[in-house]
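Novice: According to TrEMBL, the protein has these features:
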type    : residues        : note
BINDING : 68, 69, 90, 194 : substrate binding site
DOMAIN  : 28-273          : domain 'Aspartate/glutamate/uridylate kinase'
SITE    : 33              : site 'Transition state stabilizer'
SITE    : 254             : site 'Transition state stabilizer'
Ligand SMILES: Nc1ncnc2c1ncn2[C@@H]1O[C@H](COP(=O)(O)OP(=O)(O)O)[C@@H](O)[C@H]1O
Ligand SMILES: CC(=O)N[C@@H](CCC(=O)OP(=O)(O)O)C(=O)O
């Protein structure tokens, strides 16, 4: 078979364009949160897995934290049950916790691990309970009523991250593994908690001082009042958009943990459209990126 020179030229150009990005991120840690809503199409799932393997192969250190909210909903439905969400958090009683653990720590985690490994990676799946990776405590949610009074809301076994055992992650990374983490945590008494996956990804990125936190979701980015993607956000603007209801539901914890992560030392956090094939690569290997960027100099970012 003879070499097609035109095709070869394009390939060479693409590879050369990638070089500065490969050099820039060499040996750097990139935390990718893979949301349940982005796991809907087998081709997209494959392109995600290949992107992760490629990042690792060229010398970066991807760490995957996954969600799986819609997958938990499906099993609950099959069981003839449902659960409420308050500001994006699933109210989790004991029996819901069992289903959450089964789905997130079981089928969802293992299918991502399997897919990455099928594409030549060395993924290893763990939940926040393994090696006490994620220490958690019960989340205390406060709601402010219309009259200004504060109301405490009990979400059951929903947790906040207290700490992340970074040693475990670093050990896996240095042995060339790709950690794939399910968003469960454990407290000192051994209680298991269901933790929003964005929160876990943000804290993992923060504890490991990651270069980048990428939150893959099912929307183009954070949409402003006019329905257009907002490319850069300030904390003040985020507060305004939450207050007037423009940012709601699952986007609330997502944007808040992106802000917390950059305040905590992560260089940049990006909310990316996981429905775009190779969204992860596009974000790392292009200047423009895709979605909404929250960088460390967030106070001077576009609003
Ligand atoms: N201002 C906004 N911009 C973008 N999405 C928003 C906004 N407000 C609410 N959302 C909702 O947040 C969802 C993303 O959160 P979520 O469903 O929890 O995603 P994931 O499962 O990927 O974590 C979007 O699909 C959208 O319905
Ligand atoms: C407390 C809480 O809400 N936990 C989430 C954990 C999974 C998750 O965050 O999944 P996505 O990223 O796909 O939404 C849940 O039970 O759905």
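Every residue gets a Cβ built from N, Cα and C, even glycine.
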Novice: In whole Å, how far is residue 254 (site 'Transition state stabilizer') from residue 194 (substrate binding site) when you measure between their Cα atoms?
Specialist: 16
Novice: Here are the binding-site residues: 68, 69. Which has the lowest count of other Cβ atoms within 10 Å?
Specialist: 69
Novice: Which of these binding-site residues (68, 69, 90, 194) have a C-beta closer than 6 Å to some atom of ligand 1?
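Specialist: Among the binding-site residues listed, those whose Cβ sits under 6 Å from ligand 1 are 69.
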Novice: I'd like to know which of the recorded positions listed (33, 68, 69, 194, 254) lie near ligand 2, counting only a CB under 6 Å away.
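Specialist: 68, 69, 194, by Cβ distance under 6 Å.
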Novice: What mean pLDDT score does the domain 'Aspartate/glutamate/uridylate kinase' (28-273) have in the model?
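Specialist: Mean pLDDT across the domain 'Aspartate/glutamate/uridylate kinase' (28-273) comes out at 94.
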Novice: Rounded to a whole number, how many Å is the Cα of residue 69 (substrate binding site) away from the Cα of residue 254 (site 'Transition state stabilizer')?
Specialist: 13
Novice: 33, 90, 194, 254: which of these recorded positions has the sparsest Cβ neighbourhood within 10 Å?
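Specialist: Checked 33, 90, 194, 254; of these recorded positions, fewest Cβ neighbours within 10 Å: 90.
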Novice: Other residues near the substrate site, CB within 8 A of the CB centroid of 68, 69, 90, 194?
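Specialist: Here the nearby residues are 36, 67, 72, 92, 100, 103, 104, 183, 196, 197.
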Novice: Translate the DSSP assignment of residue 68 (substrate binding site) into the three-state scheme.
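Specialist: The three-state answer is coil.
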Novice: Cα-Cα separation of residue 254 (site 'Transition state stabilizer') and residue 33 (site 'Transition state stabilizer'), in Å?
Specialist: 10
Novice: Indicate whether residue 254 (site 'Transition state stabilizer') is helix, strand or coil by DSSP.
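Specialist: Note: residue 254 (site 'Transition state stabilizer') is helical by DSSP.
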Novice: Rounded to a whole angstrom, what is the C-alpha distance between residue 68 (substrate binding site) and residue 33 (site 'Transition state stabilizer')?
Specialist: 11
Novice: In whole Å, how far is residue 33 (site 'Transition state stabilizer') from residue 90 (substrate binding site) when you measure between their Cα atoms?
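Specialist: On Cα coordinates alone, these residues lie 18 Å apart.
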Novice: For the substrate site made of 68, 69, 90, 194, how many Å separate the two farthest Cα atoms?
Specialist: 12
